[in-house]
């Protein structure tokens, strides 16, 4: 489903390499494979120790020449289930091209009446309801490390996104929901999928003060933290999940219809964010505070560290250990 114009061209028409660091990455979810306001200049095929990413990395430039790396989370043809998304390869590939900040788009179900279908949400917290079958760390047996996850989304990046994305809804009947407007954290529940929630599950998540639910935030956000990349998700509401007693449970047809409508809003959000993100990355007010944080995260004694895992981690953080 290619709802937004002018990002992904055919590999034959684009360069296969790009020499400059690309500090901004955008991960697109369902219905968001292409972005407006950008000119594609390269499409890079990257191999990582964790395999290939979901799609080639497409590098596009703004009119000022600012480069942006785009990755299709579920594959160009949407052939990867949420469980099968190679998140470690995705984050590692973005890290390899120089990304310091990621803005990730995702379709979500709403768990609250005030978050209507086609509204957007900038979440601040996560409840992990995945099943532990997705690799959620670059660290493995023989090379143990721990990362703080009290703030699953980057606070500075989240504030920038919330402030500037709001402008895209100035003349819209839809809204963007932020912590500043709500006066409280907006919690994203991440479930395994690919089936949607039962009504009982959906009501349970509401009782936990969940705001929205998706299948993508975990392990993407955890891996970005380990990669020392600032990460913020922007959620696009497609439905009321299954909690509303007076409505039929969500259907795929309903989701796809709202995905199409959300694409136009997403284009406006991206256009509103590009200039402030370029400025913030240039002056290092976002994307750099995590630098070096993983150097001291390892618990395993040097003599006991697994050589293969160490080599893999060197791809991510050269010279750290």
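Keep in mind that glycine also has a Cβ here, set from the backbone N, Cα and C atoms.
According to Swiss-Prot, the feature phosphate binding site maps to 30, 73, 74, 106, 107, 216, an assignment based on sequence analysis. Summarising the annotation, Swiss-Prot assigns site 'Important for substrate specificity' to 197, 252 and lists sequence analysis as the type of evidence. Among the features that Swiss-Prot reports, substrate binding site is placed at 215, 239, 240, 241, with the record citing sequence analysis.
Residue 197 (site 'Important for substrate specificity') and residue 216 (phosphate binding site) are 14 Å apart (CA-CA, integer value). Of the listed binding-site residues 239, 241, the Cβ environment within 10 Å is emptiest of other Cβ atoms at 239. The DSSP secondary structure for residue 106 (phosphate binding site) is strand. Nothing from the recorded positions 73, 74, 106, 107, 215, 252 places its Cα within 10 Å of the Cα belonging to residue 197 (site 'Important for substrate specificity'). When every Cα pair among 215, 239, 240, 241 is compared, the largest distance found for this substrate site is 15 Å. Other Cβ atoms within 10 Å of the Cβ of residue 107 (phosphate binding site) number 22 in total over all chains.
Of all the recorded positions listed (215, 252), 252 has the fewest other CB atoms within 10 A of its CB. Between the alpha carbons (Cα) of residue 252 (site 'Important for substrate specificity') and residue 73 (phosphate binding site) lies a span of roughly 19 Å.
Residue density at residue 73 (phosphate binding site): 25 other Cβ atoms are found within 10 A of its Cβ, drawing on all protein chains shown.
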